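Since the structure comes first, as structure tokens, the remarks are kept for the end.
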Amino acid sequence: MKRQNYLKWDDYFMGVADLSSKRSKDDTSQVGACIVNERNHIVGIGYNGFPIGCSDDELPWEREGEFLDTKYAYVVHAEANAILNSSTDLLDSRIYVTLFPCNECAKLIIQSGIKEVVYLEDKYPDLDMTKASKKLFDMAKIQYRPLKNYKVKINHEETK
Ligand SMILES: Nc1ccn([C@H]2C[C@H](O)[C@@H](COP(=O)(O)O)O2)c(=O)n1
Ligand SMILES: [Zn+2]
């Protein structure tokens, strides 16, 4: 008999995004992204981190203070890393991301040809950057939807 409780595509790809987020050194928000083409092949993954060659130990992970003393000046977002790491044309692909994309990532998502965004958490819905993302996605006819009932939830810290 065919097994019924197998992992569905959405949960599988969000699981990969979730796992990728565990690589992040950001103490506040660990974000992962997984890009999938129309054939359900993974074509890019990423997480939020500093650029290659820029030391995790020398740059700040702070949220507050002078701009140059915060992570915001230096961090590459998960979606941007997934797009930059991708191995192929992203036209009509979809991106699974553990946090709703900011407006800068929304621009990259649109320009790269991704047609759908599946997200886990919309942590900052009242921020202008999130409103801008939604405005851009609506204008560009990019679908976005929350993944409900995601149960995979990788928690490597529990296994310590
Ligand atoms: N769509 C997003 C939004 C944010 N990030 C990264 C950038 C930072 O490392 C962190 C957000 O930090 P917070 O303001 O919550 O302390 O998440 C991303 O990769 N993708
Ligand atoms: Zn972003």
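Any Cβ shown, glycine's included, is placed from N, Cα and C.
Remember, TrEMBL labels are computer predictions, not curated facts.
Taken verbatim from TrEMBL:
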- 8-136: domain 'CMP/dCMP-type deaminase' (DOMAIN)
- His77, Cys102, Cys105: Zn(2+) binding site (BINDING)
- Glu79: active site, proton donor (ACT_SITE)
Any further residue of that chain within 8 Å (Cβ to the Cβ centroid of His77, Cys102, Cys105) of the recorded Zn(2+) site: Ala78, Glu79, Ala80, Pro101, Asn103, Glu104, Ala106, Leu108
Which listed residue (Cys102, Cys105) has most other Cβ within 10 Å, given these are binding-site residues: Cys105
Sparsest-packed of the listed recorded positions (His77, Glu79) - C-beta count within 10 angstroms: His77
Pairwise Cα distance for Glu79 (active site, proton donor)/Cys105 (Zn(2+) binding site) [Å, integer]: 6
Within the domain 'CMP/dCMP-type deaminase' (8-136), residues counted as helix, strand or coil by DSSP: 46 helix, 25 strand, 58 coil
